[in-house]
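**Student:** As annotated in Swiss-Prot:
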type: ACT_SITE; residues: GLU105; note: active site, proton acceptor
type: ACT_SITE; residues: CYS355; note: active site, S-methylcysteine intermediate
type: BINDING; residues: CYS125, CYS129, CYS132; note: [4Fe-4S] cluster binding site
type: BINDING; residues: GLY179, GLU180, SER211, SER233, LEU234, HIS235, ASN312; note: S-adenosyl-L-methionine binding site
type: DISULFID; residues: CYS118-CYS355; note: disulfide bond
type: DOMAIN; residues: 111-350; note: domain 'Radical SAM core'
Amino acid sequence: MSEQLVTPENVTTKDGKINLLDLNRQQMREFFKDLGEKPFRADQVMKWMYHYCCDNFDEMTDINKVLRGKLKEVAEIRAPEVVEEQRSSDGTIKWAIAVGDQRVETVYIPEDDRATLCVSSQVGCALECKFCSTAQQGFNRNLRVSEIIGQVWRAAKIVGAAKVTGQRPITNVVMMGMGEPLLNLNNVVPAMEIMLDDFGFGLSKRRVTLSTSGVVPALDKLGDMIDVALAISLHAPNDEIRDEIVPINKKYNIETFLAAVRCYLEKSNANQGRVTIEYVMLDHVNDGTEHAHQLAELLKDTPCKINLIPWNPFPGAPYGRSSNSRIDRFSKVLMSYGFTTIVRKTRGDDIDAACGQLAGDVIDRTKRTLRKRMQGEAIDIKAV
């Protein structure tokens, strides 16, 4: 994947300027040092960028005019633009965001006491999970740091400007949009660092969640890079079913995946000792009571809570949505084993913003050999 990778070290724009949204605080301080400035100037600019969603150096009134002029010559603050907005009857908002000549989708989900932003990490996805709309679009490229944190920046600016409507500020971010975050570690981790940074968005590490389908070598590496909440897209109680609906399982099976999860939990404080298990409910595929018993046995040594997700259909999908009665029976079996089990409330399905429905506008550049490599052969973390 190295030909598609954009790293934080290569952040100049087409006009030769540095997009400051591509830099975490350490990189920002190095940039200001190269300008002959003190590190605290970087902190001041970051505060303007993220606390006030400011992208105009002239509005940064505690920065002297000479430095503002210098910044305008060599840098910019450019977040990707929203090109389409859809609002659900339940208050969910989906934004289509332009990244070059393509689009990714970002979803804002307000609740009584919080508001969650679902953020994309790639243009498309190469993992080919059979129940997910994004996977059917193919894969084009990784998003760069500015395109990931820029989704949060853009959403915060929109929500902040609309306080009179009662919309809540963003309290949680979930890396559960388009793409597999662990296949874009070089850009996802710096973006999450900005989310956590007090001069960035200042979110608690327990309120930033990364979801993965099981790229085990990258998960091993993640624990040494950053501490955030972890959710895993399990979706099956055994390898036979998971091989079919989550093809990466053919390389990194459930036992290997869960072992890596337990290792991450040993390093992490953000998870409070347990991982979130995501389990999409597919009618008569993985939703029987026998599957629930298998799942309980599978997870007996993995501290977790379980989110059961009613499947959200999309055109051409080969599955059906589990009935409420089947979901209820499945949930009761898990609870009888003592598992905290939640049936996720579907949000935004009337605008195709629910789990598994994000599609965007993707020019598929995924080569057949690349898909095979990602599903069935070792993944080189240096190229992730």
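For all residues, glycine too, the Cβ spot is worked out from N, Cα and C.
Note that the structure is predicted; figures quoted are calculated from it, not measured.
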**Student:** Can you count the other CB atoms that lie within 10 A of the CB of SER211 (S-adenosyl-L-methionine binding site)?
**Tutor:** 21
**Student:** Run through the Cβ atoms and count how many others sit within 10 Å of the one on SER233 (S-adenosyl-L-methionine binding site).
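**Tutor:** For SER233 (S-adenosyl-L-methionine binding site), the 10 Å Cβ neighbour count is 25.
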**Student:** Rounded to a whole angstrom, what is the C-alpha distance between LEU234 (S-adenosyl-L-methionine binding site) and CYS125 ([4Fe-4S] cluster binding site)?
**Tutor:** 17
**Student:** Check the DSSP secondary structure of the residue listed as 'active site, proton acceptor', expressed as helix, strand or coil.
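**Tutor:** In the DSSP reduction, the residue listed as 'active site, proton acceptor' maps to strand.
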**Student:** Taking the Cβ of GLU180 (S-adenosyl-L-methionine binding site) as centre, how many other Cβ atoms lie within 10 Å?
**Tutor:** 28
**Student:** Whole-number Å only: compute the distance from the Cα of SER211 (S-adenosyl-L-methionine binding site) to the Cα of CYS118 (disulfide bond).
**Tutor:** 11
**Student:** Starting from the Cβ of CYS129 ([4Fe-4S] cluster binding site), draw a 10 Å sphere and report how many other Cβ atoms land inside it.
**Tutor:** 22
